[in-house]
Amino acid sequence: MVYLKNFLELGISETFNHTLRENGITEATPIQEKAIPVILSGKDIIGQAKTGTGKTLAFVLPILEKIDPECSDVQALIVAPTRELALQITTEIKKMLVQREDINVLAIYGGQDVAQQLRKLKGNTHIVVATPGRLLDHIRRETIDLSNLSTIVLDEADQMLYFGFLYDIEDILDETPGSKQTMLFSATMPKDIKKLAKRYMDEPQMIQVQSEEVTVDTIEQRVIETTDRAKPDALRFVMDRDQPFLAVIFCRTKVRASKLYDNLKGLGYNCAELHGDIPQAKRERVMKSFREAKIQYLIATDVAARGLDVDGVTHVFNYDIPEDVESYIHRIGRTGRAGGSGLAITFVAAKDEKHLEEIEKTLGAPIQREIIEQPKIKRVDENGKPVPKPAPKKSGQNRQRDSREGSRSDSRRDSRNSSRSDSRNSSRNSSRNENNRSFNKPSNKKGSTKQGQQRRGR
């Protein structure tokens, strides 16, 4: 894809251009090219763009250009549906502030120390990036002052609607000045999002990035046809074969993600899980380790991976196929970032064909199939050493032989017992003690041993 303009032409100052070049960014993406001039003009905008189009910088750069560092009030508010996305946006802003230490940004979200948040909010904070719940909590406590707010961004608005944050967003907007600039970014435009825009935005300019402008050309896509039962073995086979540098493994639910994590961790894979049941502090540690390549495999749900943007992800594994095309595009977009190449492999069972057909129809081409025939999986213990195979059970022939041998033993034993009885009857006048020592006792021991052997044999 060829981008026509650099950031200087779009109105971004040399200070931020220098920082962009230091980060390897020299040309604007379509959403950046279209949105930045409009945002700099102060107009409200609705940006319809999918993940991976560069929309974060599309609103971050003009916001930074308009911040007055001499004013200590909160001037820009960015609302995101998840903690992970809020942290991702905050990280992007901090990257741009290397040469502008006079501008301060603060992320506030659930799971943090409230007292620490209060101390920072009382300081010199120009930009706040927040999740709806914690932000509304601060508004109701009157611990955040939005009276001088000039800009608000609702990022991934459709996801906030999906998570049930619509009323929270309305309450937040009601607490902001009417003269502010409002920006709304969303991959899709449900009716409730349109109603929200109509109520709270002032003649917004619509900016769209058409689907053909969102490219997955640098991502190789494959489908592996399997069954639910064989899927774990198929996944491990591909992991061992491809040896990814960093990989994200997507599961449909938290339960399935946790189960797969236990399975892979028990087999010695360097992996971690990321989903809603993981405490926030641990989630942040996991993401930090993954970004630093200390964790090779990240097993995640769609919700937890929202906004996940990590350099060096070479593989995406759709352990469970996503149920809609938007989620598929978002998932595979975790690899092939910044123009790099990547590989996305989707494991498909017979029941998943309907979802696969929908994805292929949207992409406009079939995805390459790959068949794995009975992968050989090595079983290892907790130390990585091979576990020996259990001894095979006896065949039917062996059991029949044991049965015949048992019958013969029983027959011989009965014959000996009969002979012994006759001998005792014919020699009652003889010394019984001697007979018992010489005949009966050894025979009883021998018979008992034989019976024990036969029981064990059977």
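In case you wondered, yes, glycine gets a Cβ from its N, Cα and C as well.
It is 155-158, from the ranges 155-158, 311-314, 331-334, 387-390, that Swiss-Prot records as motif 'DEAD box'. As annotated in Swiss-Prot, motif 'Q motif' covers the listed stretch 5-33 rather than the other ranges in 5-33, 208-236. Mean pLDDT, taken over the domain 'Helicase ATP-binding' (36-207), works out to 92 on the 0 to 100 scale.
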